[in-house]
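Q: Below are the structure tokens for one structure; questions will follow.
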Amino acid sequence: MEKTFLMVKPDGVQRGLIGEIVSRFEQKGLQLVAAKLVQVSREQAERHYAEHVGKPFFDNLINFITSGPVFAMVWQGDQVIALSRTMIGKTNSLEALPGTIRGDYAVHTNLNLIHGSDSPESAEREIANFFRPEEVLDYSKAIQTWI
Ligand code: RTP
Ligand code: MG
């Protein structure tokens with residue numbers, strides 16, 4: 001089963017949207033296998049966003065993601081990486097459609113509430129940057145036994 005790293009960013013935590021965001025993935029039928037509130041260090045943030053080093057928005061992005069606690073999660077499910085990116089919505093707030101998390105709650109590209117891994121390689125690297133292997137639990141949901 002595929003896993004992805006999802007993270008409610010500091011703006012989502014500040015705005016009290018953790019429950020709403022978790023609820024959407026639960027209601028979709030995805031499975032939560034790890035979660036914790038984290039104050040991200042600069043080093044951890046730079047590892048997380050390593051692909052963006054040198055881009056004009058990099059410093060702002062690191063300042064933002066370290067500005068307050070984030071809610072880090074690992075979710076599991078069939079094609080969960082692509083599915084969760086669809087549910088999150090486009091990066092650009094003007095393109096994030098209503099019905100997506102960003103489309104419903106975010107008005108600015110830099111305050112876009114939630115991160116989601118964009119590939120299996122990113123997911124593996126990002127999960128390892130936030131969770132020890134034993135923090136990612138393995139349990140079955142009853143519904144999965146008969147589909
Ligand atoms: P994320 O990694 O945070 O889930 O967002 P994403 O995949 O949708 O977008 P990505 O391209 O990875 O960019 C990471 C974050 O950097 C900010 N950004 N600003 N042109 C810009 O000003 C620009 N491009 C990206 C966004 O906050 C984005 O979430
Ligand atoms: Mg990204």
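Numbering starts at 1 and runs along the chain as displayed.
Placement of Cβ uses the backbone N, Cα and C atoms for every residue, glycine included.
Just so you know, TrEMBL annotations are computer predictions that nobody has curated.
What TrEMBL lists as active site, pros-phosphohistidine intermediate is His115. What TrEMBL records for Lys9, Phe57, Arg85, Thr91, Arg102, Asn112 is ATP binding site. As annotated by TrEMBL, domain 'Nucleoside diphosphate kinase-like' applies to 1-138.
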Q: Fill in the CA-CA distance, Thr91 (ATP binding site) to the residue listed as 'active site, pros-phosphohistidine intermediate', as an integer in Å.
A: 10
Q: List the Cα distance (Å, whole number) between Arg102 (ATP binding site) and the residue listed as 'active site, pros-phosphohistidine intermediate'.
A: 10
Q: Among Lys9, Phe57, Arg85, Thr91, Arg102, Asn112, the annotated ATP contacts, find the widest CA pair distance and round it to a whole Å.
A: 21
Q: What are the non-local neighbours of Phe57 (ATP binding site), defined as same-chain residues 6+ apart in sequence with CB under 8 A from its CB?
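A: Listed in sequence order, they are Asn110.
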Q: So which of the recorded positions Lys9, Phe57, Arg85, Thr91, Asn112, His115 sit close to ligand 1, that is, with a CB under 6 Å from an atom of it?
A: Phe57, Thr91, Asn112, His115
Q: DSSP three-state call for Lys9 (ATP binding site): helix, strand or coil?
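A: Its secondary structure by DSSP: coil.
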